[in-house]
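In what follows, a structure is listed as structure tokens, so that the remarks can point back to it.
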Amino acid sequence: MYFDNSATTKIDPQVLQTYQTVCEKVWGNPSSLHNLGEHAFNLLEQARKQVADLIGRKQDEIFFTSGGTESDNWAIKGTAIEKHIYGKHLITSSVEHPAVINTMRQLEKLGFEVTYLPVDKEGRVSCEDLRKSIRKDTILVSIMAVNNEVGSIQPIDEIAEVLKDYPKIHFHVDAVQAVGKGLGKMLKNERIDLMSFSGHKFHAPRGIGFMYKKEGRMIAPLLTGGGQEKNLRSGTENLPAIAAMAKALRLVVENEDEYSKRQQKIKEKIYDHVEKFDKAVIFSGRDKNFAPHVLCFAIKGVRGETIVHAFEDNDIYISTTSACSSKKHTVSSTLRSIGIDDGIATSAVRVSLDENNTLEEAEEFNNVFDELYEKFRMINS
Amino acid sequence: MQYTEIMVRYGELSTKGKNRRNFIDRLGFNVRSAMHDFPKLVVKAHRDRMHIYLNGEDSDKVIERLKQVFGIQNFSPSVRVERDVEAVKEKAVEMINEKFFDGMTFKVNTRRSDHHFVYDTNELNEMIGGYVLQNVPGLKVKMKNPDITLRVEVRCDGIYLSHEKIQGAGGLPVGTAGRAMLMLSGGIDSPVAGYLAMKRGVDIEMVHFFSPPYTSEQALNKAKELTAKLTPYVGRIQFIEVPFTEIQETVKHDVPSGYLMTIQRRFMLRLTEALAKKRGGLAIFNGEALGQVASQTLESMAAINDVTTMPVLRPVVSMDKNEIIKIAQKIDTFDLSIMPFEDCCTVFAPPAPKTKPKIDRARYYESRLDVDGLIQRALDGVKVTNIQIGDSFLNDSEQAFSELL
């Protein structure tokens, strides 16, 4: 049972088929003038159009990258390089993914100033805080759509309203965790200038992602070279992965409503069960302010790793808060930011779902949870 | 709202006297071929109006198509309901609600072609109007120039409701003015010229010159794609591709560079004329605008036009580039036109073409060439493609990749 879909998802067989077919049959370089190149170019552009249509944007506004981390880096550093003459102040939240946070830290070393907005108990930034922290020299606001550790949905529409009064500031949204989770409308907000996506979070291969960049917004390229992707992201296009990702996106977005509702039901089933135990603490909400696929909780007195391995012994795969930090034995930065005591935060684990999970699996999870809870209670008492 | 019927009002045709029947038949034919992929739809072209019965076809799509057919002044989509006043009331409210913004005014306008119906027009106006007024809060009645006029027509087979008049494309039904050839390059101007010709009822066929390997397959596909963009106005267009390599190579080799362009154009015109004669065309259209480039001075036009007596018509001749671009954007050919593929006009463009070529010099240089042989060989290599609405050429057609994506 795989409950670690926020770390990565299993590649869809149809998507893999596309990957393989493109490798074998459409292997020309899209930049070549001859037929093979032309054919590859057409596939590339149709994939781009499909991606654009699926997220409700224009074909010209989609740029393929190597994934979420590159997209985040590009949005932030690209803005910093392009606009540093107008200002050197950036705003983000304290619960962003390391791809954003560490990029910000790197920029700080280069003389940029960064404001890390605090979050409330649910992990959400406040628009008031945002408005107060905007300065004359602010060039970028970067806020994630869905938090990867506890699943809180940030008030993107409200932030967009605030930023309408500051039309020159770039607004970047890290949407890596938000694809196929019933948030399509929010991600179509017109004020968003830049958006990062990662293929392997929705059943595409690793090493592929894309960025939405609104028409007319300028950011500097990070990768210079042969001038691919309108001279903004050089490097021969990874066409098999691009086509595969376009397909994966279609498969998940076409059924988004059904899929996200199903995940919500599974999450609620586990939530309602875990909630009953007095040593269990749940950090995610079950309401509409949280994504339907993430449930973060702790069992007081038991280390997160222990819980992960105990579930693993029962063939259930979950993780400590985020895959990126789980091997470093560090306390989740999101939990710390929402004011959770380190003692409890070290006990946190994350269940993250996708459309292939079922209510029966939730049932089984709950049974295993009962057993483990009982076992840990005996040991700790 | 899903409509069941569309009533079409004719444009200028009403004034065309004895030819009226021809015009109406032609328009009916054009509407049918523009809707060829809506199999259930039925078109009945009557003397004063045309009725399109949708029989369940998607009205939004049909309306979009209909807007592009020349010869239509305007049209009103309507919904047929049972001859039951209650049903009419409900539908009327639904219709008004769809359009309504706070503060809008409306009136009901009833007609009866079936005078046996229980209520007369005034009674119906009052009943329906009163009901709508009660059920759409904020709506006001206004008899003169209301924002919404709800038309109610009582016929024997049902009651028809409509509330809007959609502007048609105007012009004359394509085909009523006869057939002509359009010299289609792939630039911005010629598709616009084609559009304007069609608007006045001309049935155009595209003549496109291509010169492999100097011009690419893509340039040819681009011209076909441009043609496909113009098909909604007629349903389908014949695309004639003429191989031009031999002529271009010969001219390049044998003619002084100042006259390269002039002579090439003379060949194009000769070929187009020959095709027109063969295919029943009465004139030649092109996208020349006065003074735009070297070939488009009056002297140049005279030197080129010298090879034919067939009327060469230039719909955009006196337009500024910006005016042409505006139309190109309206008919959605602009983005395609500016795609950067070499076409046969640019490949052998001389560095300094004569802007004032002389007719006798042009004739003299040509006398060294085997004009008839060159023309005949080009004509022998002609290929005709029937291009229909929805055809796509530039992007390996979407089906090619539909399994992958």
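In case you wondered, yes, glycine gets a Cβ from its N, Cα and C as well.
For the ATP site, TrEMBL lists B:Met183, B:Leu184, B:His208, B:Phe209, B:Arg265, B:Gly287; matching the candidates B:Gln218, B:Gln296 against that entry yields B:Gln296. In the three-state DSSP scheme, B:Gly287 (ATP binding site) is classed as coil.
Counting only same-chain residues six or more apart in sequence, the Cβ atoms lying under 8 angstroms from the Cβ of B:Met183 (ATP binding site) belong to B:Ser190, B:Val207, B:Met268, B:Leu269, B:Thr272, B:Ile284, B:Phe285, B:Asn286, B:Gly287.
Under the DSSP three-state reduction, B:Leu184 (ATP binding site) is assigned to coil, being neither helix nor strand. Across the residues annotated as binding ATP (B:Met183, B:Leu184, B:His208, B:Phe209, B:Arg265, B:Gly287, B:Gln296), the two Cα atoms farthest apart lie 19 Å from each other.
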